[in-house]
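So that you can see what the record holds, here are the features copied from TrEMBL:
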TOPO_DOM  1-13  topological domain 'Cytoplasmic'
TRANSMEM  12-33  transmembrane segment
TOPO_DOM  31-48  topological domain 'Periplasmic'
DISULFID  CYS40-CYS43  disulfide bond
TRANSMEM  45-63  transmembrane segment
TOPO_DOM  65-70  topological domain 'Cytoplasmic'
TRANSMEM  70-88  transmembrane segment
TOPO_DOM  89-143  topological domain 'Periplasmic'
TRANSMEM  136-161  transmembrane segment
TOPO_DOM  163-173  topological domain 'Cytoplasmic'
Amino acid sequence: MNDLLSQRRERRLLVLLGIVCLGLVGGALYLQYAKGEDPCPLCIIQRYFFILVAIFAFAGAALGGWRGIAFFETLIAIIAAAGIGTAARHLYIQLHPGFSCGFDALQPVVDSLPPAHWLPSVFKVAGLCETVYPPIFGILLPGWALIAFGLTFLPVIASLWGRRARRRRLKAI
């Protein structure tokens, strides 16, 4: 596959990733407003991470050249890794009653971030991390977030490593 087609495919995948991440945030808002599932501090942090992944994915798709794509894919991988950690912690809290996300300590920090003032209906904390809502297809919501962040992280890392390996092979020739 030539370089131009490869870049085009990568850009399309980044646009798809951005759309999926925004869809996941939309799903969280649906659960919040239609189902009454109030977001906790860790839920809000995960929303931030999904939105950042979407922003970086769209930016990477908009820029020309492999350097721009690689730069934004690196940022996406870092944010997805942070999302994996946050979702894993959230899932651990829900699976081990008695633990907390530190609502008293974390809530003021999350609520003091600028987006919480700009869009309080999306980014204000209203719930507790240990509140377990009904699972979706047998998986708790933080479990779905963990899966989504993992399915973001692994392909992006594979793409970055694959591109690096191709460059090394070409230099060796």
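Even glycines carry a Cβ here, placed using N, Cα and C.
Unlike curated records, TrEMBL annotations are generated automatically.
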Practice problem: Write out the long-range same-chain contacts of CYS43 (disulfide bond), meaning residues 6 or more apart in sequence whose Cβ is under 8 Å from its Cβ. | Solution: ALA28, HIS90, GLY127, CYS129, LEU141
Quiz item: Given the model, what does the mean pLDDT over the topological domain 'Cytoplasmic' (163-173) come out as?
Solution: 62
Quiz item: In the same chain, who gets a Cβ under 8 Å from the transmembrane segment (70-88) while lying at least 6 residues past its ends?
Solution: 14, 17, 42, 45-46, 49-50, 52-53, 56-57, 59-60, 63, 142-143, 145-146, 148-150, 152-153, 156-157, 159-160, 163
Quiz item: Which sequence positions outside the topological domain 'Cytoplasmic' (1-13), separated from its termini by at least 6 residues, show Cβ-Cβ distances below 8 Å to it?
Solution: 60-61, 64-66, 69, 155, 159
Quiz prompt | For CYS40 (disulfide bond), the number of other Cβ atoms found within 10 Å of its own Cβ | solution = 26
Exercise. Could you tell me how many residues in the topological domain 'Cytoplasmic' (1-13) are helical, how many are strand and how many are coil under DSSP?
Key: 11 helix, 0 strand, 2 coil
Quiz item: By DSSP, what is the split of the topological domain 'Cytoplasmic' (65-70) into helix, strand and coil residues?
Solution: 5 helix, 0 strand, 1 coil
Quiz item: Using DSSP, how many residues in the topological domain 'Periplasmic' (89-143) fall into helix, strand and coil?
Solution: 28 helix, 4 strand, 23 coil
Practice problem: With DSSP as the reference, give the number of residues of the topological domain 'Periplasmic' (31-48) in helix, strand and coil. | Solution: 11 helix, 0 strand, 7 coil
